[in-house]
Amino acid sequence: MEQKSKNQLYVNYGEEDQMEIVPYRINKYKVYLTYIGYFLTCGVVRLVLYWLPYLMLWATHSKCSLAKAEKILLVDKFHSRHVITVQTMTREGTGVKIKKPKKAIFKKQEINLKPENDNTLIRFFVCKRVKYIWNSELSTYIPLKGLDEGYRQSYFHNTEGLTSLEQSKRHVLYGRNSIAVHVTPIMILLVREVFSPFYIFQLFSMCLWYAEDYWIYATCIFVMTTLSIILQIYQTRKFERALRNTVSSTNINTVLRSDGSYEDIASEELVPGDIIEIPRFGCDMHCDAVLITGNCIVNESMLTGESVPVTKTPLPNTTGMKSENDPEVTIKTHSRHILFCGTHVIQTRFYGNQKVKAVVLRTGFSTSKGELVRSIMYPKPVDFKFQRHSYYYVMFLSFIAILGFIYTVILMVQNEELVSDIILRALDLITIAIPPALPAALAVGIVFSQRRLKVKDVYCISPRGINVCGTINAVCFDKTGTLTEDGLDMHGVVEVKNSKFSPILRDTTHLHYDDLLFGMACCHSLTIIDNEIIGDPMDLIMFNATNWILEEPGPDETRFDMMTPTIVRPSTQHKGSLDILNNIELGIVRQFPFSSSLQRMSVVTRRLGAKNFDLYVKGSPEMITSLSKPETIPQNFHQVLQSYTQHGYRVIALASKQLSSKLNYVKVQRINRQELVLFSKEQVEHNLTFLGLLIMENRLKPQSAPVICELNDADIRTIMVTGDNMLTALSVARECKMVDLGERIILVQAYPPQAGQSEVSLEFVYADDANTKVEQAFTLQEHKIQMIEDHQRFHFALTGKTWAVIRQYHPDLLEKIVVKGTVFARMGPDQKGQLVQVLQDVGYYVGMCGDGANDCGALKTAHMGISLSEAEASVASPFTSKTPNIECVPNVIKEGRAALVTSFGVFKYMACYSLTQFISVLILYWIDANLTDPEFLYVDFFLITTFSISFSQTGPYDELVVDRPLVSLLSPSPILSILTQMTYITAFQTFMYFYVQAQPWFIPFVDNDEEDYNCQENAAVFLISAYQYITLAVVFAKGAPFRKSIFSNWWLILNLIVAIGATAWINIYPTENFADLLELNVLPSIKYRSFIIGLAFIQFVLAYITEKFLIDNESLRRKLSSCLKGCSQDLAYHKIESDIEGDPNWPPVSDKQVDLAEMFQRLESLHQGSQNIEELKNSLEDILDQEEEDESNEKIDKTQLRYKSSSDSEELHVKNRHGTENKAFINSETGYNTML
């Protein structure tokens, strides 16, 4: 909603993408004046307005009311300005409001599409692929929404589909359901590049040089500039094509129409409100849709990074209920019922002849995948000081050029020169003071860095980002597939016999045929899809270790009401007698999937020929022992458990229980996980027999720990941000040395305010010692903090849910959290990007390394994004490593540091080169002389061009050191470096100019009309300046600790030898023909020629000593930085760290003991909110209705019963208390296999 504050208007007010909106309407008088300005300035004003579109808006438009705006200026939170044109479209197809089905109770979305004063047009604008519609009632623009806001659950169950006419009308409003990435035409990219400010200046310089017949160097600059533009266009087109090919896809969808018929349409034609059929054997989703019938098994790896199949269940039907029991559907609270765009539906399950149907919620860029792509296309702008400050230097050089221009005009007017000569000479001085070759010289260094990275199998699609990599001081890592291998491995099994642990058994095929083996074979949520067992990787590892066989019905038996069981039995290869193998067969009757709040999963099974049902429970050791009989738990349980967890192993506990013989099949199906009570009032998951421990390892890649240690030694923060669970993440963090020995981990748990409460509480718990708990509570009335006693070095660890609570209710704490945070688990794709942004906000230069599509946003947001995958993540990431481990991270940082130091050197070299030549020309202008064209060519082409190329070929230093390269060109060191070098250069050139005039053989220069500048002043200034260019190349060629020694760069050494030799030869004994070619006046005495070499050597020694021992002196640099507050290197995170270390009261601590399992359970239940309570209520009512069901169901012959149920609901024909038969949907959280 738009808000007004101090006469400012906003869209998306209070949200993350809040933007200030300024309306404008064209002003014809301003337009006329602007065109006159174009004419009078020969198009210069037009160029400036092209570079700054918001100035063009100001120059041609006037502010007006929002309702009458023709153009809009949007200013986002990054202060980026966007000039948007307000568009109109006809109301045909968009004037029909979304139809309200009968019996539906929902809140209608208030969007009035009727514009003021025109009943036939709709006003809208599009910014960053989001459409904003004018709402005349609210007098503002609001983002166009689908059905994801303002619609209650009953609406979706009562909707009957759209007619073809309604569908086409909505299509006009919502547009095509496609995530279209526009590939910019080459001509448009060419115009953008050519008309950029510096290329315009280069074009101006080249035209001037061609006018002066200085065509050789002009052609050289033209070739280099052309290659640079071609490379940039190629990189841009390559990225756009790759992104388009990755995200673009289309399919045929079957849509239900309002008359009950089905129609096949292209997925691009889908609109919110369409009812689509999900095919039996799955499909790729091209929209966000809420499931209303049937179940789906979905791979959501694009969103979560985890390729574990997820079961999606139908949205609960609340038709006829009161509004308080009919909640609005939202993406966050109803995610388990929503099929997200970009995910893959593996398989569907259905009842009878029903189809699996879903209602389209969002399309195009509004979908979950569309939002991900938008984060890639419109990332947060990177504020890189080197690039920003380089503009200040160019502005300073421009100021020097203007002074030189004025100096030249005044001097030449006094000498009564021709106007044409004055203009050419004055403009020429501008091209000397501002080096046109600067962009090309900087680009050369980046090209060499890119080539060196390619040799190391790291490919870069954004070369400009290489310099930024040199500033990295914090790196975020995904876990699975990045730090660790993709899956788990079975380390062994620790069996319990007579309440004692047996030695670990590494070969699980030697397990006895008892409950531990049976539990491993059946306590899982696996299913068979396309003849392949699919499910949680941990379940797969456990089941495969048993060497048993899983049997499921074929595709024709995937209906829930076929009552077909899933069977597990030993394979013929399993050790044991054939008689035993033939008699062991377990049918899985009921399954309760893993719940993070309960920290366990369980299944109800029946063995072939057995009279009783058996319960097997698997989960965290702490939770399983709390549910087990104390006498079955070994006394040394905690010691054994700690011995494995401290070494990074994933430990899972198993327990079992034989259920009552009174329990029949129907009653098993009535058990609700949330109540955990049988009709006999005996708890199901209670009084279990503890069976043993499964020891698994998520193996670190062998390169992970050494790389993390290398980064830590270089004082680069390492952070884990993963979608995996907290316990695994903590274990890996310890194992890979993100958290070192002796350092504590504090779990941060945030609890949102509950109904009727205003308190948001935080709990800080030591992860490795639950005896110490930190508590902090926030209320509207008070702020309560308890004292902390133990204030040693610590790391924060938190989950995505905790992150969301803190970010919503107490964002002021985020800075402290990220400064001390090391492990961030269960983080969603958007949360990963948010973490990177907060780290950047406190002053970190952040790197991100990941391999999944869920890392795309963070990869694009980070200063350095490295993808270990060639799939979706590589499109968003500036860097892609062909080697699937994190060794590339220090390599990229080293290369970035070398490239940054090279860029500093090249920039200072080019700046000093232009000023050196500027000084030479100013001195010679004093006598109306100048450097000759061959001399200009010798300097510009033979010296400067070759040095700018060879200078950049020095590779990165082998070690990653603690010191960091400079980032700012405005810091004391580079400024002092340029000032001292230019002082030496000016002094020695001036001295040489006056020295030659004082010699007895000196012949003064006589002005002539032939532009013959062959004189002794010219020779003296030119020769000493030629040595100065060589001196600058050596002095600015830095080595350790960021680049290798200058002697490792053979091209530079060869270049120096040739340049020094050639210059010395020209100075000492040039041939007459060559001297004539250079138009050089050879000094008459060999003594004076040698004197120039001696003078140049003295300057070299002074320049080198000053740069080496003064400018590069670290202690002196720090003193200068502390004296100059504006150039201080202190960053925000330094201050936050010192504040935390200096505050003994934060984080606050108490001695209250806490159970980690209990804490996780509480956190999960508080986050789930009241929705699950309503579902529990409905489930219990259904169970009561079934109490009076015919008892004949208990007599079902188990040899004839074949049953298959849904993951969250089962459809049964039952009788209510009035004897009427109806269908009841029972929410039972059974996963996608509920079996006998």
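The backbone N, Cα and C atoms fix where each Cβ goes, and this holds for glycine too.
Note: TrEMBL annotation is automatic and uncurated.
Residues or ranges marked as domain 'P5B-type ATPase N-terminal' by TrEMBL: 15-135.
According to TrEMBL, the transmembrane segment annotation covers 32-52 (among others).
Here TrEMBL flags 157-209 as domain 'Cation-transporting P-type ATPase N-terminal'. In the predicted structure, the domain 'Cation-transporting P-type ATPase N-terminal' (157-209) carries a mean pLDDT of 88.
Under 8 Å from some Cβ of the transmembrane segment (179-202) lie the Cβ atoms of residues 47, 50-51, 221, 225, 229, 232-233, 236-237, 240-241, 243-244, 247-248, 364-365, 367, 369-370, 373, 377, 394, 434, 436, 438-439, all in the same chain and six or more residues away from its ends. If you look up TrEMBL, you'll see 179-202 (among others) marked as transmembrane segment.
What TrEMBL records for 214-234 (among others) is transmembrane segment.
Per TrEMBL, the feature domain 'P-type ATPase A' maps to 254-376.
Long-range contacts of the transmembrane segment (390-410) within the same chain, counting only residues at least 6 positions beyond its ends with a Cβ under 8 Å from a Cβ of the stretch, are 198, 422, 425-427, 429-430, 432-435, 438, 907, 911, 914-915, 918, 922, 925, 969-970. For 390-410 (among others), the entry in TrEMBL reads transmembrane segment.
Beyond the transmembrane segment (422-448), the same-chain residues lying 6 or more positions past its ends with a Cβ under 8 Å from any Cβ of the stretch are 198-199, 201-202, 204-206, 208-209, 211-212, 221, 224-225, 228, 231, 394, 397-398, 400-402, 404-405, 408-409, 412-413, 463-464, 466-467, 899, 902-903, 906-907, 909-911, 913-915, 917-918, 921-922, 925, 930, 940, 944-945, 948-949, 951-953. Residues or ranges marked as transmembrane segment by TrEMBL: 422-448 (among others).
Annotation source TrEMBL lists transmembrane segment at 906-927 (among others). Residues of the same chain lying 6 or more positions beyond the ends of the transmembrane segment (906-927) and with a Cβ under 8 Å from any Cβ of it are 390, 393, 397, 400-401, 404, 407-408, 411-412, 425, 428-429, 432-435, 437-438, 441-442, 444-445, 939, 944, 947-948, 951-952, 969, 974, 977-978, 981-982, 985-986, 989-990, 993, 1004-1005, 1007, 1013, 1017-1018, 1021-1022, 1025, 1028-1029, 1032-1033, 1036.
Among the features that TrEMBL reports, transmembrane segment is placed at 939-957 (among others).
Through the fold, the transmembrane segment (1018-1037) approaches residues 905-906, 908-909, 912-913, 916-917, 920, 923-924, 929-932, 935, 938-939, 943-944, 947, 951, 954, 977, 981, 985, 988-989, 992-993, 995-996, 1005, 1046, 1049, 1052, 1055-1056, 1059-1060, 1063, 1066-1067, 1080-1083, 1092-1093, 1095-1096, 1099-1100, 1103-1104, 1107 of its own chain, all at least 6 residues removed from its boundaries and within a Cβ separation under 8 Å. Residues annotated as transmembrane segment in TrEMBL: 1018-1037 (among others).
The transmembrane segment feature in TrEMBL is assigned to 1049-1068 (among others). Beyond the ends of the transmembrane segment (1049-1068), by six or more residues, the same chain brings 942-943, 946-947, 949-951, 953-955, 1023, 1026-1027, 1030, 1033-1034, 1037, 1074-1075, 1078, 1080, 1086, 1089-1090, 1092-1093 to within a C-beta distance below 8 angstroms of the stretch.
Within its own chain, the transmembrane segment (1088-1111) is flanked in space by residues 973, 976-977, 980-981, 984-985, 988, 991-992, 996, 999, 1020, 1023-1024, 1027-1028, 1031-1032, 1034-1036, 1064, 1067-1068, 1082, 1117, which lie at least six positions past its ends and keep a Cβ under 8 Å from the stretch. Sequence annotations record features per position, and here TrEMBL assigns transmembrane segment to 1088-1111 (among others).
Residues or ranges marked as coiled coil by TrEMBL: 1166-1193.
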Inset, instruction - Answer with yes or no whether the transmembrane segment (939-957) touches the transmembrane segment (214-234) by the criterion of at least three Cβ pairs under 8 A, sequence separation 6 or more. - result: yes
Inset, instruction - Using DSSP, tally how many residues of the domain 'Cation-transporting P-type ATPase N-terminal' (157-209) sit in helix, strand and coil. - result: 35 helix, 1 strand, 17 coil
